């Protein structure tokens, strides 16, 4: 394999897949060495001077003319954003050339990325023109058969043929007008490998797999899923429009119910989605959708990449869930795992690795193909059929199930040959662009992001990367990798460190701000205080770190709150709100943490006697009116509604004007709002001066100390805060905290308040400052609008939902009576 070197003066020839000059199944052509032609007109997709050498498709043009690939690019847009990147020009030239060369080959021999990514319509089991056709890539197999319930597991009459690319196929005519392989019947791929042994495997492209739940450790069986038209779920609702800033609710369907059992897709759709919408999230991120034989892996050891996890239902049930989310105005992201695969042999993709060469396997050979910490297999991203498999996998979930995007898991492991194991990243650019960089994987991600944004321009693609790789979240045509967002993974680590190791008085305001704002310019981040990672057994959620065992005895509103409970609820609200407001360009919360779900997540396993007790969500806690969980939930609902109204996450205006270590106060502006956070354990500041940009009158927009949020009601919501000019006009150094205006506020301990500048026209819309008092609710109402119209921050669909309503929107109520 070719490895990157940042010191090379010219880019070497691309690593081509085995028999690269090849057609896809059913496409005529191919059969020789690749011949690269050169023409005179330069490619316009990449800025700067180019030297012609290799050919790529002119994808921006309507015709199929072949034009030149860049060998060297004098200038890329990413250099304007970060001039330090130009030092690694050789790396980017190499990366771009590899990407364009791969696109060229796919265009030439497969008809382009869009056609290439339709692999799921050619591979696996498909019905075409009165016959069932099955294709499988298994170059190491010497003989192959299709077996299943349809032939009593006897493949003697269903032997398969192999082509020169290692693809086995069989065509079985319909019997009496019906498919020879019935819907919902079990199937397997039987083949003999070089050692002479016959083995049975689940088809790699299978769309459904099940196991016998009555038998301990029973292996999975592949199931042919091809329901008749009357049983297929038909989507009824359009995709919601892409929000300016995603507010993501991370969820696991299986553990989403109250009962100690695996919940279903339909139960989640009917019972949990309305809760998510009521809390004013605009996006749902679903974990563990791809089939995984080990439930406790949280879905990250995938065995069957095209199969819906059967524990929670069928593919049609999952479609119902996604469609229901769309009807509520919720976009749906899928947690996709392309960084590795389960080590399982009998029911996983690893079963196709029978000791052959790396170009004949989905995975690298030897140590390079094994992740020693995850005990899993690592893909060979330079392999032609691996690219087809993974790119088609993305398209399958996006086209067939209407997912609106993906969260790519384990991107750090993909970016580097060392996979980030025992590696601390200091920010030195040589850590990102060196021989350790896995260019094969980067090229795959560039192809994937280009494809997804071409198929669905409004797609949202999120990368889980802890390294801080530069330009990971810049467009491919600028020289980036193409993701829309990366997760701000340092933020939860900071909060956990403080809650475990530091007294409140020793919290550093500047350190908190530095952690929240430490992100690359022009590369968007999703901020979160805690995700599923902080909830698993062995760790604790923020609420449980704050209140611990007192959550068992002190959450009743029928008794006075203890100091621990008061502190816990106050800091729970503050930590999540400052993370949202200052930490990124989007926000994420894991299911249940919005109301401070106690304890931890522990999947059923031998060590807990296969118990589901800690693998569920106790919604009754937040639904019980006399328990204090309702306060944290109400604040979560209100801060999401505040962002919906003011769109501060998508604003480029972010100014931190005060980080007072003595007072334990942080003041900053984000968008049109001024935020004041007082982390001091017991000091109230009266007449505390707060800097701001624009003069005028300010009022409370959101107050964590409001009674409706379990606070003490110390901040007046009917008070107008008038600004005073600061310093000399035009002389910023004479301003207060570098702000030209200021106003004074009351700031109680352990509270956070957001202030907005009064606009009388806007006041009419706010109807009396409902958000400020915490009197904001989401209700279903009849509204008239065209399909897809946004009304007062809420989504309106043309179809009626299950409640008989035509749509929904946020309703701001202004009186105490209205909120009862």
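Backbone N, Cα and C atoms are what each Cβ position is placed from, and that goes for glycine too.
For 1-20, the entry in Swiss-Prot reads compositional bias 'Low complexity'. The transit peptide feature in Swiss-Prot is assigned to 1-64; the stated evidence is experimental evidence. Swiss-Prot lists 409 with the feature active site, nucleophile, giving similarity to another entry as the kind of evidence. The active site, proton donor annotation in Swiss-Prot covers 464, and the record cites similarity to another entry as its basis. According to Swiss-Prot, the site 'Transition state stabilizer' annotation covers 533.
Reduced to three states, the DSSP call for residue 533 (site 'Transition state stabilizer') is helix. When the alpha carbons of residue 533 (site 'Transition state stabilizer') and residue 464 (active site, proton donor) are compared, the span between them is 12 angstrom. Long-range neighbours of the residue listed as 'active site, nucleophile' (same chain, six or more residues apart, CB within less than 8 Å of its CB): 300, 335, 336, 337, 338, 339, 464. All protein chains considered, the CB of residue 533 (site 'Transition state stabilizer') has 16 other CB atoms within 10 Å. Residue 464 (active site, proton donor) is surrounded by 21 other CB atoms, counting those within 10 A of its CB over all protein chains shown.
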